[in-house]
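The domain 'G-protein coupled receptors family 1 profile' annotation in TrEMBL covers 53-321. The transmembrane segment annotation in TrEMBL covers 41-65, 77-102, 122-142, 163-186, 206-239, 260-283, 303-324.
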Amino acid sequence: MGWEDMEPGNSSAAGRSDMCFGVFNASDGRDTAQKSITSPWFSTAFGLIGLCSNLFALCVLLSSSRKLSSRARSSSFLVFLCGLVVTDFMGLLVTASVIIPYHFIKFTWAKVDPGCHLCNFLGFSMVFFGQCPLLLGATMAGERFFGINHPFSRSTSISKRRAWSIVGLVWGFSCLLGLLPVLGLGRYTLQYPGSWCFLTLLPDTGDVIFCMLFALLGIFSVLLSFVFNTVSVVTLCRVYHDRESVQRRRDSEVEMMVQLVGIMIIATICWMPLLIFIIQTVLQQLPAGGQLQMLPPETQKMLLIYIRMVTWNQILDPWVYILFRRAVLQRVYPSLRPRPSILSLYPVLNPSLRRKFTAD
């Protein structure tokens, strides 16, 4: 017997089901799933494309990292990029391993997962692998901001080991955020059409706090990336238009900033609609005083559409690095080919000063 057929008198079973079931009418979701964007071929195709794209980008990144010395400035940026690609790949792999089988098998979630353990895991994965790319994007933007505006400061030089430590901190923070509903703040609930779990957009105090925390943190990360990247681009433009500094043009700086701006634009387009939608939905439902127990059908469908947009972020991120590498950019814009370095003008520079200029 499915959870939607349970009798109200069975309080223990109903209470356990209410942990992650009941936000939408599951029977309606199963009947209309094939007529919507929840087609199994949609999820399968985009999942495979995303996994292959991230694998390809990871191979390119590993190949590029071998060509850089451990002291190169751009090596830390490659570490952050590698962390981003690994996060996107694992996010697609984990979520697709649950969502795609549902579309083909059409199992009853309450029978397979009566204790909501699988739902909590999937909800945690959605939050963890969703928040990580936004935080990593802000971290990369901050690293480039200090690297460009304070190029000769030792504090701005990040080794590979320290860069991986920073990536680990981002993963750890996102993990703590994802565990909040498991610890009692908010809930992960089954979402339309019954194939995935996510945070709950209902006017319960815990749900509201967790939804606002998730959305505001994501918006803050995007805005922080925008500020850092804007200042960095302006700084680079000033250096490039300075006649006295034209020989110090650093193509690697351009390459990294183009990639960062691309990642920021994709994150903004894919994530901001969902984050704003979460805030609007939660705030509009607050007058209900916790009486609303089920999301309106239109809200369910809009949430699914916005989640589909977020999926594009994981698919497009690797292509930003694949397509906007220096080797590719130089074919499109030959003017980006390496120019004489300032070292060629001063061949007798002190060795320590030469190392500062040659640090990439």
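The backbone N, Cα and C atoms fix where each Cβ goes, and this holds for glycine too.
Here the structure is a predicted model, which means the values were calculated and not measured.
Note: the stretches the transmembrane segment (122-142) and the transmembrane segment (41-65) are not in contact (fewer than 3 CB pairs below 8 A, sequence gap of 6 or more).
Of the Cβ pairs linking the transmembrane segment (77-102) with the transmembrane segment (303-324) and spaced 6 or more residues apart, 3 or more are under 8 Å, so the two regions touch. A Cβ distance under 8 Å defines the sequence-distant neighbours of the transmembrane segment (260-283), meaning residues of its chain 6+ beyond its ends; these are 84, 130, 133-134, 137, 140-141, 144, 199, 201, 203, 207-208, 211-212, 214-216, 218-219, 222, 225-226, 229, 232-233, 299, 302-303, 306-307, 309-310, 312-313, 316-317, 320, 324. The listed stretches are 41-65, 163-186, 206-239; of these, 41-65 has the most Cβ pairs under 8 Å to the transmembrane segment (303-324).
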